[in-house]
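J.: Feature list, courtesy of TrEMBL:
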type     : residues : note
TRANSMEM : 12-33    : transmembrane segment
TRANSMEM : 39-64    : transmembrane segment
TRANSMEM : 76-99    : transmembrane segment
TRANSMEM : 111-130  : transmembrane segment
TRANSMEM : 142-164  : transmembrane segment
TRANSMEM : 170-192  : transmembrane segment
TRANSMEM : 204-224  : transmembrane segment
TRANSMEM : 285-307  : transmembrane segment
TRANSMEM : 319-345  : transmembrane segment
TRANSMEM : 407-430  : transmembrane segment
TRANSMEM : 450-468  : transmembrane segment
Amino acid sequence: MSKTRRAVYLSAVARYSDMIVQFVSVMVIARLLTPEEIGIFSISIAVIALAQTLREFGLGAYVVQERELDRARIRSAFGVALVLAWTIALLIVVASGPVADFYDRDGIRDVLLILALTFLISPLGLPAQAMLIRELQFGKLYLVQLVTSSVQVAAGITLALLGFSYLSMAWASLVGGLAGIAVLSVLKPDLVFMMPSLKEWRRIAAFGGFSSGANLVGTIGVNMAELIIGRMLGFSAVAYYSRAMGLLNIFRMTVQATVLSVALPAFADQYRAGIDMRPDYGRAAALMTGLAWPFYGMLALLAQPVIRLLYGRQWDEAVVIAQILCVGGAVMAVVILGGPLLTAIGQVRANLWREIAIQVPRAVLTLVAALYSLEAVAAAQVAAYLVALIITQVYTRRFIGFGVAELVSFTWRSLALTAITVAAASVPLVLLDPVSADIASDALIPWRSLLFPGLFGTCGWLAGAFLLDHPIRREIMVAGVGIARWMRVARI
């Protein structure tokens, strides 16, 4: 098994384990807190996401892609991280009051003050985590992530049951961060317990300034919708939007995050070796769309039973929002690889301008749409993603010669695979009408609406992958061989 494929599989195990843990949290928290309470936390976390991007300053990406990395540069990256994170923590404390006043909710100030504490501890784990990514040590990263998310979820549920309301999720973030740093201190003690330095800060700033600028612009665009909705349409509306986005995050937290976590170091490794990147970039796009497009098609089809399973009936208003956003998610599955590619080849300045060109029209579209309805805001995201696709293709063609023709040649099978998958999943919906059966029986868990379409859709996806000779077929076969080998060893 190649180093990159092994890294992908280990990262996938980590992401799916994390998804299972997060599912438990979502299903419990959504039933313990009201849309208003979750809306307060959603606004707070959107504000923190902007500060989070500034705090990272592209330092992790710098450590991953630096060709001549030595301990002095690692210490300098650590020093810059400390200065930035602690400064931003202070700014969050100062800004917490005005932000709460802007939204007329004192609870936002309380959440921001707690989350500011996470900025004091987070730099301690940055060098160690970045080195594990650079070395493709995703087994160890899996351990860190599993412990972090498990502790965070356990703390969040416990505190919610004790009546901490929206503060339960804020305190849980702090406790989970401490747990992750504790694990990193065991795996890489020399990188957690080391003296910071600012000796190489200019070299780091030259990379981090543009890298963090691109990430910041992207983060603003991603969180702009929730910030605008919270101000113009209310906290319940932002909660419904957040829950709808939560469905899309099922894919983003697992498959997409898995591919992206490996894409940057893999692309950087190829670039350092002077290898033509078009075939592997195209294959990455084919694999991503071969998973994302059928997933989003199925999710749009089954949005109502999935939302009722995860969140309960009080969140039914999020169904239409989720269905609209699924279209945007499918488009973004292609766009999302552009950032890691440009970063890997050292074109961080170009990536910054790409993000600006994407997010400015997105912000304008979102602001105008919020004057009408929540559904209009969701539709505006789809339009913005289409703009992002066009812009990203301009940059990939410019830097690696990967244009529209190459994109179509690598992804047309994914489109056909999606049609087969959704058609197969629709068969039981048409013949058996499980949704009506669940409604008639007043089922707490809509198992009929999920089980039969899910099984048919999965079988259709597997059959389509082999029928179309999709690149995902090889990964299915490799995974199948690995599972069979593991079961054979376990039986012995």
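The backbone N, Cα and C atoms fix where each Cβ goes, and this holds for glycine too.
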J.: Going along the chain, which residues at least six beyond the ends of the transmembrane segment (142-164) come within the CB cut-off of under 8 Å?
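T.: Apart from its flanks, the transmembrane segment (142-164) reaches 10-11, 13-14, 17-18, 21-22, 24-25, 28-29, 32-33, 125, 129, 132, 171-173, 175-177, 179-180, 182-184, 187.
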J.: Going through 111-130, 170-192, 450-468 one by one, which has the most CB pairs that fall under 8 Å from the transmembrane segment (407-430)?
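T.: That would be 450-468.
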J.: Looking only at the recorded stretches 111-130, 170-192, 450-468, which one has the largest tally of CB-CB distances under 8 Å to the transmembrane segment (285-307)?
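T.: Out of the listed stretches, 450-468 contacts the transmembrane segment (285-307) most.
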J.: Which residues of the same chain, at least 6 past either end of the transmembrane segment (111-130), have a Cβ under 8 Å from a Cβ in it?
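T.: Beyond its ends, the transmembrane segment (111-130) has Cβ neighbours at 40-41, 44-45, 47-48, 51, 55-56, 59-60, 62-64, 74, 77-78, 81-82, 84-86, 88-89, 92-93, 95-96, 99-100, 141, 144, 166-167, 170-171, 173-174, 177-178, 180-181, 184-185, 187-188, 191-192, 194.
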